[in-house]
C-alpha cells in the first residue's frame, strides 16, 4: 500500500496537548482507526454484566500475585528439615516445597499477604466465572450468534477449576496431599489404563517425588497460557458480536444502547478493577485462607476430620460421598458396586460418581444452545436478552441443573452439616441421596411456576398499573386502592418480550413429517405450552374501558413524557 | 445511524424508536428521556462531587502510605511471632484495600456523578453482508474443489491415516513419565525380610509395641519396623503400610475361616488406607467398634472384619495377620493377603496371586 507520510504533508495541527499526544502516536503507529472504532463504542450497562468483569480482574490479580509467589516458591519434593521462625514445626521433616511455602508465609515480608490474595482471588475467580455463566444461561445470551462463545466460556470454567486444583496442591501440605491422594484413587478406578495413568502422573507410586514439580509447570505455564488464550478469544468475540442488552424501551436486536466506552464506561469498568482488587485485599487482610502451617507437611498417615476441598471441587467430592459402595446388611442381602469382570476390577462406586454427574453437567452445558435451537427452531440472531421469567422452561432447566450441582456441593460438607446442626451424618447422606434425584425435579417445577407467576404479575401491573398504597373512599362508601398507570417506558419494559407458542411438527422438504420432527414438536410443546402472553394495546384498552376508577383518577402522574 | 459521537441529552430520546410494528404489539417508545442528575443542574452539587472524588483519591494515597509503613516498620525476624505476622498481614491488607478502593470508588463516583450519563444508541451491523456470506461459502467450496480432495479418495484416506498416526510419537515420548506399575501396588513393607517378621511400631516415632501395652478399647497408629530408617521412598512405603491397631474383647470378633489366628488376644490390625479412594481411615469409634474415613465417611465394622456398613467404599479394609515374638512385641506374620488401598484394574489378579 502507499506509504503513510509522503509528499503530501497534512497541515492538520491538533489543538490540545492531549490531542497532540494522540496525534503523535497515531502518526507513528496509525491507531486512529482503532480509536475511531472503540473510543466511543457503546456498551450496555447492567449490574449483572459485572460478573464477567470480576472474573477477568481476579484473573489479572492472580497473574500478578502468582508471579510474585514464583520468585520464592521451590517446587521440589526433596526432603528437608524446617529451620524457620514458626516454632511448632521446628526441625520437622518436610518437602522443600512445603518449606518454601512456609517461608513465603513467615519469612518474606508481605509473602503471607500475597499468598492470601492469590488464594482468595482464585476462589473468587472460579466463583465469578460460574455466576457469569449462570447469568448468560438464564438470560439466554448464549443464543445465536453467541453459541461458540458460550462453548469458549465452558472451556474457561474447566480451565479455571484446573488452575485452582493444580495450585491448591502445590504447597504439599497435609490437606492438599490428601486431595491428591483422592485424585489418585479416582484415577486408579479408570478401567484398563487407570493404574498406568496414576504411575505416569506421579512418576511411580503415590506420592513419589515428581508430582509437585509437574503440577507446578501445569499451574504456572500451561493452564494460565490456555486461559489467556481463551480469554482473548472470548473477548474478541464479544467485540465482534457487541454486547447483549436487557430488553427495554429503545432497545432491540438491531441496536445497542448504553454508555460510550470513553469516558464513562471505561471509567466505570476500569474503576471496578480497583474495587475488585480492594475487596480481595480486605478479605486477604482479615480472613485466613488455607493456613498450611496448621496442617503440617504431607504424611500419608494422619488426616484431620472435617476436611474440605476448595469450594469449586466440592461438587465432585460430594458426588464421591453420595454414591453408596454397598447396599444391604453385613449378614444379609448385599449388593456391592465393585464388580470383577473377566478377572478385572470395575469399581463403579468410584467411577460412576466421578464421571457421570460431571459428564451430565458438562454435556448439557456444552450442547444446550443447540438443544434449545433444535426445539424452538429459532434461527434468528438475538441481541436482546430474555428476562429469566420470560423464558420459564429454560429458567426451570437452569434451576434444575443448579440444584443438581448444589446437592453434590452440599454433600461435600455432609460431615460439617451433621456436626453443625447436630444431626446424624448418615441421615444427612440419605437425604442428600434422595435430593440428588428429587431436587432437580422439584427445582424445575417450582422455578417454572415462579417464573409464570412473575409473568402474570407483570401482566397485572402492565394492565392495571402499580399499586400506590393510597386507599380512597368513594362517594358511595366503597374503599378502593388507587392504581397508578405505568408510563410508556415502564410499560414497554413489561410487554416487550416474545412468548412463542409450541411449534407443531413441520413437514420436511419431501412433505413428510418424520419421527424426529414429531419428537421435536413434543419437546416444543413441553417447552412452550405453559405460557403467559404479553398484553396487547387492545387488552390495555379493554382494561381501561372496564373502568378501573382508581386508575382514571390518578392519571396525572405520567403521560406527558411522550411529548 | 447511531449518534454515539454526540451524546447530548436532546437527541437521546429521538433515536431507536423503530419498534416491531407488529399488529397488536406495543410500539417502542424509544430511549427514555435523560434525567439530569443533581450535579448536572446545580454547580454546587457538582463541586461537592468533585471534592468527594478528590477525598477518595486522597484516601488511596493514605492507603499506599499505610502499606509502605507497615512493610518497612514491621520487620520479620526469627523472633517474630505469628501475632506479628498476622498484624502485618492485616495492615498490608488494609493499606492495599484503601489504596485500591480509594482509586476505584473515586473513579466510579466521578463517572457516575460528573461524566455525561446520556444513554446513546448505536446500530448493530451484521457480522458480514449477505454477499460476503455467499461469497465465503463459494470460496470455501472452490478451495475444496480445486484441492480435489473429494474426487481423489485415495489421497484423502491416506492423508487421514497419516494424520491420525502422526501424533502417536508425541504420546509415546511420555512413556518415561513413570515406571511400569507391575505389581508394586500389591506389596508392602510388612512382608517378612529374610525370614524375620516385622514388628508393629508406633507412628511416627517407630518404637515397637508390646501386646501387653494394648488395652481393651485402645487404638494405635502403626507403621512397620524400619520405615523411618529408609533412605528413600519413605512416603511411598508409608502410604501403603500404615495400619490401625485395636483391641476388642475376643468374643466380639467374628473371624472368617482361615483368619482365626490373624488376631492376638483380641488385638487386630487393619490397613488404614481406605478402600474407596485412599484416605487414611483415622477415626475409631470405641463404643460401636466402627472405623470412619473422614474424607468420604465410609464406615467399617471391626466386628465383621471391617466390612463396609456405610459410605462409598465397597470392600472391607485388608487385615494384617499379627502375632507376638518371643519378647512379647507385636509382629506381622506376613504381608497383607490382598493389595491395600483403592481398587484398580489389575487388583483382583494381584489378590489371587497373593492368596495362593
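Placement of Cβ uses the backbone N, Cα and C atoms for every residue, glycine included.
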Range annotated as transmembrane segment - as stated in TrEMBL, picked from A:91-110, A:291-310, A:311-330, A:451-470:
A:311-330
Kindly point out the range from A:430-447, A:484-501, A:502-519, A:520-537 that TrEMBL annotates with transmembrane segment.
A:430-447
Of A:20-41, A:350-371, which span is tagged transmembrane segment by TrEMBL?
A:350-371
Chain residues outside the transmembrane segment (A:150-170) and at least six past its termini with a C-beta under 8 angstroms from it:
62, 66, 73, 75, 97, 101, 118, 122-123, 125-126, 129-130, 132-133, 136, 141-142, 176-177, 179-180, 211-212, 215-216, 218-219, 223-224, 226-227, 230-231, 233-234, 237, 290, 309-310, 312-313, 362, 365-366, 368-369
Where does the mean pLDDT land for the domain 'Cytochrome b/b6 N-terminal region profile' (A:21-247)?
94
Please work out whether the transmembrane segment (A:54-73) lies in contact with the transmembrane segment (A:350-371), by counting C-beta pairs under 8 angstroms that are 6 or more apart in sequence and asking whether there are at least 3.
no
Tertiary contacts of the transmembrane segment (A:269-290), as residues 6+ beyond its ends and Cβ separation under 8 Å
50, 53-54, 57-58, 60-61, 113, 115-117, 119-121, 123-124, 168, 171, 175
Let me check one thing: do the transmembrane segment (A:430-447) and the transmembrane segment (A:311-330) come into contact, meaning three or more Cβ pairs under 8 Å with sequence separation of at least 6?
yes
Run the contact check on the transmembrane segment (A:182-203) against the transmembrane segment (A:350-371): 3 or more C-beta pairs under 8 Å, excluding pairs closer than 6 in sequence.
yes
